[in-house]
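Worksheet for the structure shown next.
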Amino acid sequence: MIKRVRSWWNGADKQETLTISEDNIPQHVAIIMDGNGRWAKRLGLPRIAGHQNGMKAVKRATIAADELGIKYLTMYAFSTENWTRPKEEVDFLMRLPQEFLAIELDELIEKNVRIRMMGHEEHLPSHTVNALREAIRLTEHNTGLVLNFAMNYGSRREMTECVKDIALQVQSGELAVEDITPELIDKHMLTADMPDPDLLIRTSGELRLSNFMLWQLAYSELWFTDIYWPEFGKQHLLEAVAEYQRRSRRYGGLK
Ligand code: IPE
Ligand code: IPE
Ligand code: MG
């Protein structure tokens, strides 16, 4: 087994060494990027400053995931429940994909990254959808890391659409009730052509899923950290992956 040993300063004056095995890298990592507002508040800044700095953390996480050899990185950017926030904040969040892509797309293309979007396009402003569609189009033939933005995503909504799709096929006689299997359901989810996340990361100390990938996370390893999303960097991803590699995934069996 090839072992790579990494060292980094963990922010305190203690140096830690991480052992990351190259043959057990999670294929799909999903991240609930939380704590932007609290990060800003702690510094006496408006909440949007937290979102602005959160964008830089998206870049750091993407580069680090690519270097590690992760194949899919799903980022929870905006939930179907986030519409209840004040309009100015929602408007700001809706401008971030454009801003992020204007700054980073060239480098992402150079790195062979493929951009995807997972969520419901309706209600999203056209400038947000157009920026994402353009990035998806420009990177559709790339074969490197898949950077999947969960934008206006909600797991219950996704499942509801899935049930409706299948019900219509049954109603039209295209499908028999006996044909409904977990595999078929998988094919009707927004993640149809992606593996389930191996590792879920949530920042900001909250210990909940907030309507994120409830079906797909059935057997994912969960890793929580108290740091706020704008503070997230390569060392945190390495720490999460190192912890992931120490876990024993049993899927209900014995190992
Ligand atoms: C995450 O940070 C970003 C989004 C949910 C869009 P928050 O905005 O939720 O920050 P907190 O949780 O209020 O600190
Ligand atoms: C989850 O964070 C949604 C995103 C990160 C986009 P929230 O801040 O919306 O979640 P709650 O409200 O704390 O559950
Ligand atoms: Mg939050």
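Backbone N, Cα and C define each Cβ position, glycine as well.
Any TrEMBL annotation is an automated prediction that lacks curation.
Quantities reported herein were computed from a predicted structural model and do not represent experimental measurements.
Classification of GLU221 (Mg(2+) binding site) by DSSP places it within a strand. Residues or ranges marked as Mg(2+) binding site by TrEMBL: ASP34, GLU221.
Take the CB of ASP34 (Mg(2+) binding site) and look out to 10 A: across all protein chains shown you find 21 other CB atoms. ASP34 (Mg(2+) binding site) carries neither a helix nor a strand DSSP state and counts as coil. Taken from TrEMBL, the feature active site covers ASP34.
In the structure as shown, the Cβ atom of GLY37 (substrate binding site) sits within 10 Å of 21 other Cβ atoms. Taken from TrEMBL, the feature substrate binding site covers 35-39, ARG47, HIS51, 79-81, TRP83, ARG85, ARG202, 208-210.
Taking a C-beta cut-off of under 8 angstroms and a sequence separation of 6 or more, ASN82 (active site, proton acceptor) has the following same-chain neighbours: VAL90, LEU93. According to TrEMBL, the active site, proton acceptor annotation covers ASN82.
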Here the binding-site residues are THR80, ARG202; the one whose Cβ sees the most other Cβ atoms within 10 Å is ARG202
Out of the recorded positions I have (ASP34, HIS51, ASN82, ARG202), which ones have their Cβ sitting under 6 Å from ligand 3? ASP34
Indicate whether TRP39 (substrate binding site) is helix, strand or coil by DSSP. helix
Across all the protein chains here, work out how many other Cβ atoms are within 10 Å of the Cβ of LEU209 (substrate binding site). 15
Long-range Cβ list for GLU221 (Mg(2+) binding site), cut-off under 8 Å, min separation 6+ in sequence, same chain only, gives PRO26, ASP198, LEU199, LEU200, TYR244, ARG247, ARG249
